[in-house]
Structure formats: structure tokens, C-alpha cells
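Visitor: So that we are looking at the same thing, I have put the structure below in C-alpha cells.
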């Protein structure tokens, strides 16, 4: 370890220590008279590189949590969408509290490195709770009702992160004890986080371990307390200069997390492309390639809209606080938009294959065996090949053990159905068993394609009444409509929020700027 890295480095040991609020940019920062270290330029400080690298590492743990969650929960139906919004909000609120401390007081030291390690461990606590985090009281992928275990785990993780922040702020009070003006503000923040930790611990006991107990909505307290502490801590930054984060650094942190979320979108798009390549029943048709290109273009446009309009400095702390708080809905909507466009790719690939299958099925069902039995036999072989191909893809791309078991069961179903079809001399008759069997197999193949694409989450072992009903296809339509709607609504709101943030960060606006803001707002409203 660097011999200049001490046990603790006070925030006053560098030029960017306690400073005035950002609404007095013309004033010189307040520097301590108790430190023996002369002012230094930040680019000369060998510790600043580690400090910023540690922040980047923390952001990457944020990305890892979202990646794990979306790899287990397919965000293409309303219940999973609710869970994703809930989990993302908790994760972001925790990230925000930690990032504010880093932007205010964090310096490279042994103690700070220990605290950073603890915060990274808390992030892994979120990852451990994410797979079964569900706010809908439904069954998990094994068919068991989800009890209170995930919520109890989240309660402890939230409590731990706030207690770590309490320790960090109390430690800062000790090392800034000669700066009397900093005591009350720092103690207030420590009290807020201490109160939040107590409430989170209290919520821990409200969740039951019995997996059969459902309908407990104590988890709403997570968001009430999270919103309370976030708004209060942000508002206090306007009252006390010591709590005001450095404008440039906090803008960089927000921009970095925005890039991280855009990177999550790139991962999601790449995973859907990999799904299409891995599933032999799907292929990159022209419209699928167009969907991929559109998804990439959406990512790039989101990048340009945000970063082209972000200013390096703010005039007025109130604008900065509002700008900071707007990043919660912005990042949430951005995560939803990039996730939604990725699922639209798999939907398009599945739809292209399903359209082809329906055309082929219509041709097979309407063929008259009197025109040649060899052609009839060839059609049966084609159906068998397509069905086994789809079954194999259903197994290899299964999103849960239940889907994998369904694919195994479908394998024997195809074998049984093909036996009936081959024993039928002519299926161009609705009364012939072969006709009905081929029709049933075609319907199950279609549902299997929707399963591969991620939009059908029911069983493929359906009764005759279920096959004859519209329930399976209706569930697919509902899931796709939900995905389509939240994708476009999120995209429109992103444009609107970025327009508002641009208006906040731009002090002087020319008529051209107003025109650009107006056009952007109109586009966002149109998409919304």
C-alpha cells in the first residue's frame, strides 16, 4: 500500500474539502487552518485515481445486481415489471446515499477502504435477495409460494448500508471536530440514517418465514423510508454548505451511472442476439436485423440526449438538488426502455418464425392425400423435424426449471402425436383424428415459440378445453402489449425528463435553445 495512505484522511486535507454551497461560485472554498498539508491540485494527487476507481467499482456492482435480476426475471409482463421497478428503486436509493457521501467527504485512507469493502458486500446482499424478490406474492420458478425470506434479507441489507453511513458520518465528525460549523449538519445526517436503519430493522420482524403466508405489504415501508431520507438529505444540502456535494464530481457520478445503465441495455441486446443464434428455430430475418438496429439507435440517441445537454456547473443549489433527484426516474425509465427494446427483438424473431409455421401448418392441413401419399409423408417428416427443433430450443433456452421440465414433457408428446399423424391416411377432414392431432401439435409448437421468445409463461401441457380456448394466446398478447407500452412510455418520459434537466442546467437560453427544448418535449409527449 502507498506509504502516503494513512489510517484516515480528513476531508480538509485537500483543496476540495469543506466548501461553500454551489450558489456562491465566486467565493473561495473554506480551508482548514488546522491542517499542515498545503493545497494541492486534484490532478497531482495520486490518491484521486484510486478514489474515482473505487466509485466506478461500486457502480459496476450496481450493474451486476441488475444483470443478475434481469437474467432470472424476464421483464416482459406486468407482475415482473412491478418487481423490477421495486428492486431497482431500492438499489438506486442505496447507491445515491453512498454516492452523496463519496462526493462530499470520501478520501483515500485505510478506514475508507474498509467502509467501501463493506458497501460492496452490501451490494452482494442485494444480489443474494434479487432472485426471489417479488412484490406480487406469486410462486417462484419451482412452484413454491415466496415467503418473507427475501424481504427479511433486503431489510438487513438496507439496515447495514445505513449503519455504515452512520459510522462514516460520525467518523467525519470526529476528524472535523475543530470545525464547529460542521457538527450539527453531520450529526443530523447520521441521525437520519440511524433512524432509517432502525425502521428497516423493525420491518425485518414484520415478514413471516412461513412460505404459505401471503398478502404482507410491509415492503411498502422500504420505499416510504427511502423516499423520506433521500428527499431530506438532498434538501439539507441546500441549507448547509458543508453538506453540498462538489458540483462537478456529482455530475460525473450521475453521468457514469447513466453510462452503466446504457451498458446494461447493450448487454440485454447482445443477450437477445445470442438467444436467436442459440435457438436454431429462430433466425436473423430482415425485420429482426431492423429491430436490432433500432434498439442500438435508441441507446445511442439516449446517450446523445443526456450528455449533449449536461452542463458542468450549476448556478443555484436548488436547481442542482432537483437535477439530482430527477435522476431516479430517469435511470429507472432508462433501465426499463433498454430492457423493453431488447425483448422486442426476441418478440420479432419469434413472430417471424410463428408466421412461417402457421403458413406451413395451413398447407399441411389442407393437403389431399389422394394427390399423392409421398407428399403427405414428406409433410409429416417436415412437421416432426420442426417440432423436435422447437422442443430442443425450448429446453436449451429455458428461463426456469419449470420450462425445462415442460420441454422434456413436450418431447414425448411430439413422439406420441407423430405416431397418430403417420397412421392417418388423410387429415384433410376435421373428423379425422390425424387432422386434430396435427392442429394440436401446431398450436403447442406456436406456444413453444412464444416460450422461447419469453412471452408465454404458462404450461405447454394443456387440456383439450385449454387448447380450444383463447386463454394462451391472450396471455401472450397481454405480455407483449405490456412490454410494448412500457417501452414506448419510458422512452417518451426519458426525452421529457432530459428536456427538463437541460432547462435546469442551462443558465442562459437563446431562442434556438428554447426551440430545441420545445421540439424535444413535443417528441417526448408524442412517444408517451
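Just so you know, glycine gets a Cβ as well, placed from its N, Cα and C.
As listed in TrEMBL for this protein:
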type	residues	note
REGION	1-48	region 'Disordered'
TRANSMEM	153-176	transmembrane segment
TRANSMEM	188-207	transmembrane segment
TRANSMEM	219-243	transmembrane segment
TRANSMEM	255-277	transmembrane segment
TRANSMEM	289-310	transmembrane segment
TRANSMEM	322-349	transmembrane segment
TRANSMEM	484-504	transmembrane segment
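Thinking about packing and proximity, how do these listed features fit into the structure?
Guide: Here the transmembrane segment (188-207) has long-range neighbours at 97, 147-149, 151-152, 155-156, 158-159, 162-163, 165-166, 169-170, 173, 216, 218-219, 221-222, 225-226, 228-229, 232-233, 236, 243, meaning same-chain residues at least 6 beyond its ends whose C-beta is under 8 angstroms from one of its own.
Only residues 6 or more beyond the boundaries of the transmembrane segment (255-277), in the same chain, are considered here, and those with a CB under 8 A from a CB of the stretch are 55-56, 59-60, 62-63, 66-67, 70-71, 95, 283-284, 288, 292, 295-296, 299, 302-303, 306-307, 310, 327, 330-331, 334-335, 337-339, 341-343, 345-346, 349, 397, 452.
Within the chain carrying the transmembrane segment (484-504), a Cβ under 8 angstroms from the stretch's Cβ atoms is held by residues 81, 298, 302, 305-306, 309-310, 314, 319, 322-323, 326, 329-330, 333-334, 336-337, 340-341, 343-344, 517, 520-521, 523-528, all 6 or more beyond its ends.
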Visitor: State the non-local partners of the transmembrane segment (219-243) in its own chain: residues 6+ outside its ends, Cβ under 8 Å from one of its Cβ atoms.
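Guide: Tertiary neighbours of the transmembrane segment (219-243) are 18-21, 30, 86, 89-90, 93, 96-97, 100, 104, 135, 151, 154-155, 158, 162, 179, 181-182, 184-186, 188-189, 192-193, 196, 199-200, 203, 206-207, 317-318, 321, 324-325, 328.
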Visitor: Restricting to the same chain and to residues at least six past its boundaries, which positions have a Cβ under 8 Å from a Cβ of the transmembrane segment (153-176)?
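Guide: For the transmembrane segment (153-176), the nonlocal Cβ contacts are 8, 10-12, 18, 90, 94, 97-98, 101, 105, 111, 115, 118-119, 122, 125-126, 128-129, 133, 182-183, 186-187, 189-190, 193-194, 196-197, 200-201, 203-204, 207, 219, 222, 226, 229.
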